[in-house]
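> I have a structure here, written as structure tokens, and I will follow up with some questions on it.
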Amino acid sequence: MMDKQPLRFLALTVCTFLIIRGISIQKLEFFLYLTHWTLLAKTLTFLCFFRELGSENFRKVLLSISWTMGLNVTILYWAYAYPLTASPDFELWHLILTHGGVFLFLIPELISSTITFVNKDFLGPACISAVYMFCVVIPSAYLGVIIYPGLTFTNLLSYIVVIANFCVSFGAFSIGKHICQKFMKSPKELSKKLE
């Protein structure tokens, strides 16, 4: 079993760079996008795993949120938002890193972790999605600020995207849960492989 610390450090460094760069370009607008909420969650996840901060349950919640929202953002951005965005604020390499690239760092974490997801662990990602929709997207749309193309809540597409967001999130969570169960390692197995 490989030491995950260098990979965690690299992921943490990349996340921090993307956050600093994103805020320097978009200022407060940076916080309007679910991509960046997810990037912040992934940064906190990598920090907590790297420094062993918080309880195992706290790290489990963070991993559940980061995995679920990370895969959700990757799928919905490339399938929905990117094709409709006329001129993105960032270069393609930045978009690739924030919409899937950093997510890839979560795969070794999930595969080799003793953490397993159960259905109630979907509550964290579901709450993040709900808070985001009801506190950012819907109020912004009613104020005339369009965060995502076509998401104005004056058309059927808006409601389809909201429903798709929750469906894709649940699908992403289910994939993570399956991976955790398939590759589940007991603490004894992990310590033997590390020796």
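The backbone N, Cα and C atoms fix where each Cβ goes, glycine too.
Remember, TrEMBL labels are computer predictions, not curated facts.
When I checked TrEMBL for this same protein, it listed these features:
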- 7-24: transmembrane segment (TRANSMEM)
- 30-49: transmembrane segment (TRANSMEM)
- 61-80: transmembrane segment (TRANSMEM)
- 92-118: transmembrane segment (TRANSMEM)
- 130-150: transmembrane segment (TRANSMEM)
- 156-176: transmembrane segment (TRANSMEM)
> Test of understanding: applying the rule of at least three C-beta pairs under 8 Å (pairs 6 or more apart in sequence), is the transmembrane segment (61-80) touching the transmembrane segment (7-24)?
no
> Report, as numbers and ranges, every residue of the chain located at least six residues beyond the transmembrane segment (156-176) whose Cβ falls under 8 Å of a Cβ in that stretch; write 'none' if there are none.
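For the transmembrane segment (156-176), the sequence-distant neighbours (Cβ-Cβ under 8 Å, at least 6 residues beyond its ends) are 64, 67-72, 75-76, 80, 110, 117, 121-122, 125-126, 129, 133, 137, 141, 148, 150.
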